[in-house]
Structure formats: structure tokens, C-alpha cells
Amino acid sequence: MLQSMGDGEISISPYDTAWVALVEDDGGGRRQPQFPSSLEWISSNQLADGSWGDAGTFSIFDRILNTLACVVALRSWNIHPHKTDKGIWFMKKNMCRIDEENLEHMPIGFEVALPSLIDIAKKLEIDIPTQTRGLQEIYARREIKLKKIPRDIMHQVPTTLLHSLEGMAGLKWEKLLKLQSQDGSFLFSPSSTAFALQQTRDHGCLKYLTNHIHKFNGGVPNVYPVDLFEHLWAVDRLQRLGLSRYFQPEIEECIAYVHRQWTEKGICWARNSQVEDIDDTAMGFRLLRLHGYEVSADVFRHFKSDGGEFFCFKGQSTQAVTGMYNLYRASQLMFPGENILVDAARFSANFLQLKRANNDLLDKWIITKDLPGEVGYALDVPWYASLPRVETRFYLDQYGGDDDVWIGKTLYRMPYVNNNKYLELAKLDYNNCQALHQQEWQNIQKWYRSCSLGEFGMTERSLLQTYYVAAASVFEPEKSQERLAWAKTAILMETISSHFEFQQLSRDQKRAFITEFEHDSILKYTNGGRYKRRSSLVGTLVRTLNHLSLDILLAHGRDIHQPLKNAWCKWLNSWEEGGDAELLLRTLNLMSGGGRRRRWASEELLSSNPKHEQLLKATIGVCDKLRLFQRRKVQGGNGCMNATGITTVEIESEMRELVKLVVTRSSSEDLDSEIKQNFLTIARSFYYAAYCNQGTINFHIAKVLFEKVL
């Protein structure tokens, strides 16, 4: 599916097809349609109730606009009178329902398009009711929109009104043709372009429409192409569904394609556009930055008004929830000093929080299964704290598959973005991973009991939470060794810390414990050591490290025992000073096999890499602060960060610096991206533990580890 991406897979718009069908052939002789196949499409696609529109979702805005346009087209050519009458009957019966429709779901340009169609219908003596309260509201909105972008402006610079020219009177076409897109369209709108062709007979308009009518067998979409939109949103959906690892080459090509079309002013849904929007720009910025491309945050200055508000399009009449949602998500990848993203984060978060408080999370661009759930998760769990399996588990309940429908000039479908195949595969993949995690959890419990770790202060609740954090962060079945090494390392660190602290061991006793470990022999612990209780815990540590080392030796032919032991010796000798993150990182990198390229790098080689040492220092620093924050939270009982997700200014600043170190790349850099990602993975797990209260964590554990996706 991803390999076949071109200009975009998208459903047909009866409204736009009707405008194309209205175009007359100027070849001379008798009056005839320029595109007869469009009339054939209209006659073949009337719904049973007499309307035209999306068959899967009933929106009165969509049905009225599509139906009136198709009736106008058929009446204009005096064909299929029975279909025309059936369409008129539908409108007479349902026009009053415009009053009941939620205005947030009004199609793009509806307030301009419908009045224009009604004027044409009156000239054709089509009898439809026009004195409803809802229609009067539509006419009022039309005046507001036209006043926001005065006629002189729309003839001078590209604006979104180029997308909705159809039916507008008094246009100066000699000026508008200078604003035509490279492909011959007017802002990629078939209906607007069809109207322009009627008025100008421009060859570029004719070529654009001819190409797409041929491609779509007589019909046309509400907008085309949608190449950037499709490339970006398909990748976003696959990532959030937890499926991106299966499509890495295709995803990398998608992102590279978007990068080739990127401009300093941003992008819109299609390449080579003279108009940009914040929604596509924010999604593009976020995914490009995540994949290591250099993109400047200054792009968002083009979407900020003098009053400090962010907008999607200049002259917009309403603000889209999803536009602000994607701006908020993009802002969370800010680097140090990117003040424009600080402003964007504040503005978008405030907008979304107000919408949520008013129970008003409806969007003007999409009707989706659970937009309030998506927005709520983003607000409640900031990206730094969002563990991969947690995000995926929630998104599996929010993603609507085939049922999600987009709102353009009409309702439309994007099958490469929203489809049940993605959903079914994601559910199967998640449940398979979860089953493996549950089996691993059973084995962890057996290991815990056989080692008597409870006697040293490790509780079963802490055991579960520790394994859960590892499994939610490194979830892939093929990474079982890394996941179990993370979990057991974290469990043993907590057990030893508990033993040292709560048993109130003297300095000499702690030194004896460390010395015994440093001079270990696996045979030594067969029948216990000199101090049975202490030796039991040392023996567990020794046996665990030997087991982990043996796994890697058998799987990859590498002996990691000594560097793994060295990492533990360093932690034991400085455990009071922190160092948990460093031990987890060294363990994860030793177990991971060198990253995606699976080219193993020794500890010595990694330590000599300047980028590795930068990452290590940054991660240790921020994780130590997060652990300190978490302990103060537990001890002080206040344990909440404020509503914007801020712990301290210092922590947020250091997280931004770490993100920059991880996601930026240079041509000379030889540090594998997967190794780099390990640093951010560990830091985000620490942030999660510091950010979320215990009740939230318990809820996540139950949902992620034990609640099967149905």
C-alpha cells in the first residue's frame, strides 16, 4: 500500500464532479458537455434516498451540497428527469435539517458554495426551500468570510478563496490566472478549476481536469492531489498504531518525499502550493524532526498573528481542533531556544484545554471515532512521558479505521490513511506482543520468588511496575532480551538499594557486599557464601549477569560479561549518587547488538565517540533530576506537576537538549540511530515515573499489560 503512493488515494466528490459536468464544450455546433463521463458518473451514483454524498456517513451539509450540485448538473443538460425529481424531493424534505447540524462539521467553503449553487438553481427554475433559519445563517457566514479577504486582496495574492471560486460573480480572471497553481488548477480544487475553465477556457485548467477525470473514471475528488497529506498522515497512523517497524523502508521514503517538498514557509496538502496551512506544516515538521531532518521552527512564524494567535489559514472563520492538536504535538519536539514553539505550545494547549472543558472537541476537518480521547491523551500525557505501548493501547481504541471520514468541500475518504486493514493488523500485533509480555511477566514472578527478592524489600507491586515500564518502552517481540535485561537490572537496582537503605547496613557491610560481588565466582554461590543473607543477594546478581551474558553469547557470539560487570561495579560504588540511568543505558546498549544495523560496537568504541558521551552525560543528568523529583513527590505527597506538564525549568530545558542530541544527525556521524534512541527511551521512562501519579500508572498497567484489544 505504501509503496504504491502517488498523488493520493481519495474518494470521489459528487459536488465537484457536478461542477465539472457543467462545463460546456466550446468546439462549436450544438451545445454539449465538455466531460460527458462526469454526467455518467452522476447518473450512476445517486443514493437510494435520492441524494448524492458519502454513503457511510450522513451529514446534512454534505448531502444537501452534493445533491443540489448534481440536480443542477442534470437539469442543466435536461437529462435523467426522474433522478432530478428524486433529488429535489430529498432537498425539500431535508433542507430544514440544516438548522440542526453542528456547525463545526460544515464543509470547507460551504458558506460560499451553497449560496452560489442556489443562485444557479433559481435560474434553472429548480424549486427548493430557501427561507430556513439555517440558510440565513449560512448567508451571514458568507458575508463574514468574503469581508475577511476583500476582493482586491484575493486578486493579488494566493488565498484559500482560490479553492472556492465556483459561482462567484465579478471576478477578474486576468488577475486570477496569475495565481493559478503549477498543475493548472486553482488551489487543487476541481470545482473551482471547472468554474475557471467555464469562464476563461484556459488550457491549464482543461489539462488539469482532463487528467483527473481520466484517472477517476468520470468523477473527481474534492481536492487533488493530496500527496503530502497522504504521505504524512499514513506514517502518523502507522506509528501511533505500533506498526511502523514493519514498514521502515517505506516510511523513510515517505518522509524523504515530504522533505523534498518542504519550504521555509511550510507546506499544505499538495506539493508546489502557493498557500500553506498549519496542520500539514505541523505534522510535517514533527515527522521530519523525528526522522532526523533539519527543519527550522521559524516556519511557524508564518502562522502567528500580530496579536499572538496561531492560525491555520489567513482569513479563516473558525479554528480547527485538529490543526491546534497537531501544532501542540509538533511543539513538544522543541529544541533549546525555540521560543516560537514555546508560544505555540502555550497557545495550542490553552485552546485545546478550553475546548475540552466546554465539551466542544468537534473538528471541522474530520469526523473520527474518538477525537476527545486523542486530544485528552495528548494533554494528559505529554510526549516526554508517553511510553510507546501506552500511546498505542489508547490509540487502538480511538482509531476508527474505515469509519473515519474527512471533511473538505464534501465528506471524503483517505483509504491509505484510514482503513480497517491497519486496524486489524495493529490489534493482532498488539495482542501477540501482550501475550508474550504476560508470559515474560509470569517468568519474572518465578524468578522473583526463586531469588527471595521480597526478603530484601522488593514488593510485588514494584516488581510489576518495573517490568511494565520496560515492556511499555521496549515492546517488540524480537527485543525480548533487551526488555528482560532492562527489567531485571531495574529490579535488582531497587532491591539492592532497598537492602542497603532499610536494613541500615554499615559502610563496612556495604563495602563487603561490593567486594564479594567484585570477586564473584558463580560456583561460590551454589551453597551460599560467608554471610548467607548478603551472599544470597550477591549470588542472585552474579547468576543474573551470567545468564544475560550467556544469552548474548549464544545469540550473537559476543561476550559482554566483563563490560556488564564493570557497569554494575560502577553503580554499586556510587549508588547513593544516582547512576541508575547509566547502568540501564549500558545494559541496554550491550544487549541490543549495536542498533538497527546490528553492527556491534564495543564499550571502548562507544566511549570514544563524542556524540555517545554527550548523550550519556545529558541522559544521566536529566534522569538523576527526574528521580530526585519523583522521590520528593513521594515523600512530600504533592506529586503533581502543573497543568502544562512542567517539573522544573531545568528539567524541561535538559529534556529539550537531549531530544536535540538524539534526533539531529550529521553526514559524518557513525553512531547508530537505534543506540541514540535508547538514551531518549530511558529518559522518557524516568519522566513518565516522575510525571504520572500512582493511580494513573496502575490504570495504565492494567490496560497495557492485561486488557486485550477486542
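Using the three backbone atoms N, Cα and C, a Cβ is placed for every residue, glycine included.
Database features, via Swiss-Prot:
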type: BINDING; residues: Lys145, Lys364; note: substrate binding site
type: MOTIF; residues: 277-280; note: motif 'DXDD motif'
type: BINDING; residues: Asp277, Asp279; note: Mg(2+) binding site
Binding-site residues compared (Lys145, Lys364) - the one with the fewest other Cβ atoms within 10 Å: Lys145
Secondary structure content, the motif 'DXDD motif' (277-280) (per DSSP, counts of residues): 3 helix, 0 strand, 1 coil
Cβ neighbour count (within 10 Å, all chains shown) around Asp277 (Mg(2+) binding site): 23
Between Asp277 (Mg(2+) binding site) and Lys145 (substrate binding site): CA-CA distance (Å): 17
Cβ contacts under 8 Å made by the motif 'DXDD motif' (277-280) with residues that lie 6+ beyond its boundaries: 228-229, 232, 266-269, 300, 303, 310-313, 320, 322-323, 326-327, 365
Integer Cα-Cα distance in angstrom, Lys364 (substrate binding site) to Asp277 (Mg(2+) binding site): 14
Count of other CB atoms lying within 10 Å of the CB belonging to Asp279 (Mg(2+) binding site): 26
